[in-house]
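In TrEMBL this protein carries:
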- 14-55: repeat 'WD' (REPEAT)
- 67-99: repeat 'WD' (REPEAT)
- 112-153: repeat 'WD' (REPEAT)
- 157-188: repeat 'WD' (REPEAT)
- 304-342: repeat 'WD' (REPEAT)
Amino acid sequence: MSLEEIAQSSHLSISGNTSRIWMAAWHHKGDLLASCGEDKTVRIWNVRQDAGEQSCKFSLECVTTLDESHTRAIRCVNFSNSGQLLASASFDATIVIYQKDENGEFTEVNKLEGHESEVKWCAFSMSDEFLATCSRDKTVWVWQMDEDDDFNVSSILQPHTQDVKFVAWHPSEELLVSCSYDSSVRFFTYDGDDWVTKQKFDKAHAGTVWCAAFDARGHRMVTVGEDAVIQVYTRRNPTELSAVDDEWKIASRLQIDDTIWPIYSVSWNRFNDFILTAGGDGKIRLFKVSGTIENSLIEPMGVMARLGDEINSIAWCPVENRQNLAVTTADDGTIRLWHLRI
């Protein structure tokens, strides 16, 4: 089993300089990527494959650069599940919504304001009715899209005592998760009147919790953090209760012993139980989650690649015929496409 780099590009300025890329996100069809970084731009990439579905030769072609919406670095970008909207979250405390037109171009249609400090993450719910954002101001905001595609504030949550680094939605239900500098992980649900804390893990990690990812069915979740620990959570009663009514428990944890650096990003493959992680030591690691839901085990599969700089994000492709592809972004200004050869 090996991980092969198959394409690479960068956020190249007119002067020829590159700058840190914070993250890249897949379109649900797996043929587009959006990336963002310190240069205050969002870039849309075509992920092209050479003729033949079995070919592992790919290229990244930048087809759009969106550079007029933010005044500071852009920390996060994510497509809606319909693929028609794109949201970007910036250190300028705003979130910008772009819409895809009939020509396939994304143009700014809305700017969401209200956070008092840097916005660290944004994510659409599976239904696309809700957009969650989080910030250095210690808040989580839930925005609701109306029939005119306008976003209104549904709730402002302040359950954390420090920066909120990350938010993620359950893959099929309106269950929201947040990760924070205060070492905690929190679950939120809608009670009919407001979004409320459903469950919390106050000391989920020893230090900042950087990222979380659900498996495809939403029965398990993984978090990573400053302590270089990978932790898997499972639902207690997934066969009889919905995800919003069920309780979660920590089922397994694994300390990565060969690093002192934080793990910044984790991605759970939708089509198998492979997990990829990346972080401060520039290493891409592969893990497999085995066993039953009740007794999930984390199996290290090895360090698959290493870069010379910190890796800020990693994400599996969400499409079955490209399920072995993953994308990374790094401090060296690169966006790289990888292929896992099994």
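FYI, residue positions are counted from 1 along the chain as it appears here.
Glycine is no exception: its Cβ is also placed from the backbone N, Cα and C atoms.
Please treat TrEMBL annotations as automatic predictions, because they have not gone through curation.
DSSP states for the repeat 'WD' (304-342), grouped as helix (H, G, I), strand (E, B) and coil, give 3 helix, 23 strand, 13 coil. Over the repeat 'WD' (304-342) the predicted model carries a mean pLDDT of 97.
Look at the repeat 'WD' (112-153): DSSP puts its residues at 0 helix, 22 strand, 20 coil.
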